[in-house]
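Enquirer: In case it's useful when we look at the structure, here is the feature table from TrEMBL:
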- A:61-86: transmembrane segment (TRANSMEM)
- A:98-116: transmembrane segment (TRANSMEM)
- A:145-162: transmembrane segment (TRANSMEM)
- A:190-212: transmembrane segment (TRANSMEM)
- A:224-249: transmembrane segment (TRANSMEM)
- A:256-279: transmembrane segment (TRANSMEM)
- A:312-345: transmembrane segment (TRANSMEM)
- A:387-406: transmembrane segment (TRANSMEM)
- A:413-434: transmembrane segment (TRANSMEM)
- A:458-477: transmembrane segment (TRANSMEM)
- A:507-527: transmembrane segment (TRANSMEM)
- A:547-575: transmembrane segment (TRANSMEM)
Amino acid sequence: MSLYVVQFLTGLANASSLFLAACGLSVIFGVTRIVNFAHGAFYMLGAYVAYSLTLRLEGAFGFWAAILLAAAFVAVLGTLLEMLLLRRIYQAPELFQLLATFGVTLMVEDLVHIIWGPQDLVGPRAPGFEGAVPVFGLPVPTYDLLLIVLGPLVLGGLWLLMHRTRWGVLVRAATQDRDMVAALGVNQKWLFTGVFTLGIFLAAFGGALQIPRTAVTHQMDLTIIAEVFVVVVIGGLGSITGAFLAAVLISELNAFGILVFPGISLVLMFLVMAVVLVIRPWGFLGKPIQTGVTTIGEATRPWRPWSNTTGIAVAVAVLVAALLPVVLGSYGLSVGSQILIAVVFAMSLQFQMSTGGLDSFGHAAYFGLGAYGAAMTVEWFDLPMELALLVGPLTGLVGALVFGWFCVRLSGVYFAMLTLAFAQITWSIAFQWVEVTGGDNGILGVWPADWASSPANFYWLTLTVGVVAVLALRHLVFSPFGYRLRAVRDSTVRAEAIGISRQRTQYVAFAISGTAAGLAGALFAFLKGSIFPDVLAIPTSIDALVMVLLGGVATVSGSVVGAIVYTMASIWLMSATDLSRLVLGGFIVFLVVAFPQGIVGSLSAFVSGPFERWRTRGRTERTIAVSAEGSR
Amino acid sequence: MSAAPLLQVEHLSKSYGGVHAVQDVSFSLVPGEMLAMIGPNGAGKSTCFNMVGGQIPAGSGRVRIDGRDVSGLSPRQIWRLGVGRTFQVAQVFKSMTVRENVQAVFASRESGWGFLARAGSAHRTEAEAVLHLIGMADFADRPCADMAYGDVKRLELAMALANDPKLLLMDEPAAGMAPLERVELMGLTARIAKERQIGVLFTEHDMDVVFAHADRMMVLNRGRLIAEGRPEDVRQDTQVRAVYLGEGLVYDQAAAARRASA
């Protein structure tokens, strides 16, 4: 009994920290409609800065001053980020905003590494709260009790701020109708900046408060961001009270989950989130939200199958790729295979995103499922590679069918966050279910069949699979199914009015995409000869997104080029610099802000725009797209 | 006209909170008939439309199409019964060409997964026939995003007609079009409706269009049907005049006040 009480109190203390981090994200989203992936990075920065400051400022007053100063300092950094970066992308699609803020996260990770070094840091205890008090005979840290009180205090303070000040009223008004607030003559720019600063202050404050409890580490950002996403989604995006309720629910769930289901405690949180989203798609206290640009259909020129010229060029490129084993050594060929696998993976995501309008943030799940499916076929059942290459995509398909059933009920940013949650579930299963997946040790010794074991043969195998997969997905885009899928993306109302079911069409697309990703994963397992849980982690999903973005999100198969360039660049980057995340993060931000059309997108815009005009210059005047009667 | 009704609406109602958007509306429509629904803004026309089309579930009452109760059916099931519709704000597929928009209608009609065929070459002639009918054959290869709004509206009509509908629902088909275009579009619709015996239910604010083409009309005000009949009869209806021209109470009061002060 006493154990449960203590566990309950620990849960409440955790809830306070989680709430501090989450409510900032929720407030920011409510007003700016940006899901700030970098929130975890600011949380981590808050902890690091507080650590440094507490070493310099002493005594009880010094400690608390350090905590507050750290939060204020990080909040100023947040203000700068808002003014320099976010102001440029408020009108961009959600996907771009998520990616840009993720890029910032990557950069912060490396900066922290440079400034504070690689080791974990242990901060001082809070003066006056070093000890513990017995509760039912078990010790409870007094600092935990302080946190338990602090959470509701901050909630109350925010409530007063939002309901009793003019600024708070404007923020709440903007959460409901931004355009109306702008029409009332409020300067949106500064309102957004203010809200963002407040949100970051809360995150950094939450992070700074952690230093007496836990060590300050580099993993703080991604660990907390996954939980924060879950909390704000369950609580309802934009709702502070909802975030508090959800933080308590999730923290208690974690606290008791460890006692009751130690094996699946990590999964539990995401399962609850999935269930809540199916019952209440907008969380406890959330409301349906109109976000900015949701479809890329508006920006897309009509897609065409390849012209004869392009077809020949592609055939030549494939031929050249097939002849590469003549010139490349075994290292070059294994890089080549890796690139081809990335092509299949990126193309599978592009089919779902560009054609289906489904921006997935958890595509790693299906890649990883394919990899684990294939690896376990070989490892546990001793079956040959050929069979494993079938089992891989099937595992991806099954995963996509199960997760997709939940996901396609939602759209936009909720869809993105739910896919992320499912990817994290898959990751935690691979991580925790040691008996089957080997846990952190992974599965070793996944070697290809004899005939495919030479680098050249394996390369040809991946080339064949890659070409077939890309052509098949391209064919699907121009099939009747592809038309239906694009119809749903462009106008769901119209699609439903001509007999196309949004949910069913998108579900099928999700499943196809998952199967293709599973195929890529299966090949990946054989290429590496081993598989670890990190193929399922967030960075894998981000890799796929960046490849699609780099190739051109409004193209049919630009991600092929994106995957080739990105994979080569990142392999080179790994060998050339220790600061690969800083470079990659900066690159992502650059892409989003300056180059959103991607390589193939820009090329085709050039070919159909300036180039076409140059080619057809001086010919007869083009007919104008208004009918004769319509001209006024 | 004594043909069996194609569309029968019985005691249709819908409330949002305390607002009765549509109250006890009943009417029917026979094949080949053009029925106009008019009324001031907020009268409940679009709500009525969306309940017939399945976009909004009916609060109470019944909608029958060809004698079949369609309450609770989704828009796509209603579409399969042979109902085509256009929207107040045109809804087309902006990333496709004009022809592809119509081809998408055919692509949706096919049963099965639709993985194998090539949609770009399928139903090309049928799609062009529909575009020809609507006078848009020359625009077939144009990107939809480049079209003038009036043409987008015509394209919507083409998409609705591609399914060979028995019933057409047109919510303000001429809104946003140039005056001449409107007359032309509704003339075309009326001709096709007569030729193919399609029943057309439409709302419209342009009275020239309504009086030129409606066989019958009904007037909705504050969710209630206040008049119904042949256009010339409705034109004479005092209640309708009051709704459209106002009852003049404000002017009377102002005039009385002026007299009193003089």
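Residue 1 is the first one shown; counting continues down the chain.
Even glycines carry a Cβ here, placed using N, Cα and C.
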Enquirer: Assess whether the transmembrane segment (A:61-86) lies in contact with the transmembrane segment (A:190-212), where contact requires at least three Cβ pairs under 8 Å among residues 6 or more apart in sequence.
Expert: yes
Enquirer: What stretch of A:256-279, A:312-345, A:547-575 shows the most Cβ pairs under 8 Å to the transmembrane segment (A:507-527)?
Expert: A:312-345
Enquirer: For the transmembrane segment (A:413-434) and the transmembrane segment (A:190-212), does the number of C-beta pairs under 8 Å, pairs 6 or more apart in sequence, reach 3 or more?
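Expert: Between the transmembrane segment (A:190-212) and the transmembrane segment (A:413-434), which are separate recorded stretches, there is no contact, as judged by 3 or more close Cβ pairs.
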Enquirer: Same chain only, please: residues at least 6 beyond the ends of the transmembrane segment (A:312-345) with a C-beta under 8 Å from a C-beta of the stretch. Say none if there are none.
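Expert: For the transmembrane segment (A:312-345), the nonlocal Cβ contacts are 306, 363, 367, 455-456, 458-460, 462-463, 465-467, 469-470, 516-517, 519-521, 523-524, 527, 543-544, 547, 559-560, 563-564, 566-568, 571.
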Enquirer: When each of A:98-116, A:224-249, A:256-279, A:547-575 is checked against the transmembrane segment (A:458-477) for Cβ pairs under 8 Å, which one has the most?
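Expert: By Cβ pairs under 8 Å, A:547-575 leads among A:98-116, A:224-249, A:256-279, A:547-575.
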Enquirer: Counting only residues 6+ away from its ends, which parts of the chain sit with a Cβ under 8 Å from the transmembrane segment (A:224-249)?
Expert: 11-12, 15-16, 18-19, 21-23, 25-27, 29-30, 35, 37, 39-40, 43-44, 105, 151-152, 155, 158-159, 162, 175, 207, 269-270, 272-273, 276-277, 282-287, 289, 413-414, 417-418, 420-421, 424, 538
